[in-house]
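Feature annotations, courtesy of Swiss-Prot:
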BINDING   5-12, 132-139  ATP binding site
BINDING   H156, C166, C168, C173  Zn(2+) binding site
Amino acid sequence: MTTLAIDIGGTKLAAALIDKNLRISQRRELPTPASKTPDALREALKALVEPLRAEARQVAIASTGIIQEGMLLALNPHNLGGLLHFPLVQTLETIAGLPTLAVNDAQAAAWAEYHALPDDIRDMVFITVSTGVGGGVVCDCKLLTGKGGLAGHLGHTLADPHGPVCGCGRVGCVEAIASGRGMAAAARDDLAGCDAKTLFIRAGEGHQQARHLVSQSAQVIARMIADVKATTDCQCVVIGGSVGLAEGYLEQVRAFLMQEPAPYHVALSAARYRHDAGLLGAALLAQGDTL
């Protein structure tokens, strides 16, 4: 069965046809509407989906935010702008005329990455470090989503009780410090206004403050992984996202994790599917692959 998979992110929308063997074809991208209004997103999704829907039998959506009864919600409402409570599933069912499933993008990516691991792995955690910090947990071969869709939102665990206020309302969340947005917000002096990509470039050039911001992010993620290991006893952790996959970042996370006591050590690896993980994971779930 061919699935029309859609990935809704903060900066871009992606769609592709995915067959039962996870082969991707006709991948398309559009920028996420800057206005973040329901009408703008509806029109963008229509333009994205229209050329593909005739060849699909179902729709699978991986989206930023929390998916609750087909509705788009968020711990950090600022991430969604005017899209809070957007009827995501109903909208796609109307546009495509096909049965539709929706899941959080990090949860979907976790499911895809889990399927790329050896068969003896039953417990794993996926962490994406990008504009924000998200995650997905697979326990005993089952993806944990939670009744309210909240499971795996690891970026909103505590990193520093005296840290910056997070958009979710808590103080010192991992996301507020370690994410690309958090790093950029902490940049000062000649780095003020720089995005995460620029900070990594400047860090590579030896800029002291940029190196500190990248290192601080990696250390916060490593400590979070130690907490995750203690909570889930996972066999491995897979790291993805634009920050997580940046050159040299995983090595720093690994080095900081090794400074933690031995019981908290866990195998780390880079995401295999990279920017297609959400599409593939959503397609797997829509195809009924819930083990």
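The chain as shown is numbered from 1 upward.
Cβ atoms are placed via backbone N, Cα and C, with glycine included.
Each residue contributes its Cα atom, and for G134 (ATP binding site) and C173 (Zn(2+) binding site) these two points are 12 Å apart. Rounded to the nearest whole angstrom, the C-alpha distance between A5 (ATP binding site) and H156 (Zn(2+) binding site) is 27. Annotated pair G9 (ATP binding site) and C168 (Zn(2+) binding site), C-alpha to C-alpha distance, rounded: 18 Å.
Between the binding-site residues C168, C173, the minimum number of other C-beta atoms within 10 Å of a residue's C-beta occurs at C168. All protein chains shown were included, and the count of other CB atoms within 10 Å of the CB of T11 (ATP binding site) stands at 11. Close to V138 (ATP binding site) in the fold, though at least 6 residues off in sequence, lie A110, W111, Y114, R122, D123, M124, V125, F126, L144, each with a CB less than 8 Å from its CB.
Shown in sequence order, G10, T64, N76, N79, G155, E175, S179, G180, R181 are the residues of the chain, 6+ apart in sequence, with a C-beta less than 8 angstroms from the C-beta of G132 (ATP binding site).
Secondary structure at V138 (ATP binding site), taken from DSSP and collapsed to helix, strand or coil, is strand. Once Cβ contacts within 10 Å are tallied over all protein chains shown, the binding-site residues D7, G134, G136, H156 are led by G136.
Here the C-alpha separation of H156 (Zn(2+) binding site) and D7 (ATP binding site) works out to 22 Å. Across the fold, the C-alpha of D7 (ATP binding site) and the C-alpha of C168 (Zn(2+) binding site) stand 23 Å from each other.
C173 (Zn(2+) binding site) sits 17 Å from G136 (ATP binding site), taking the Cα positions as reference. Other residues of the chain with a Cβ within 8 Å of the Cβ centroid of H156, C166, C168, C173, the Zn(2+) site, are L75, N76, G155, G167, G169, R170, V174, E175, A176.
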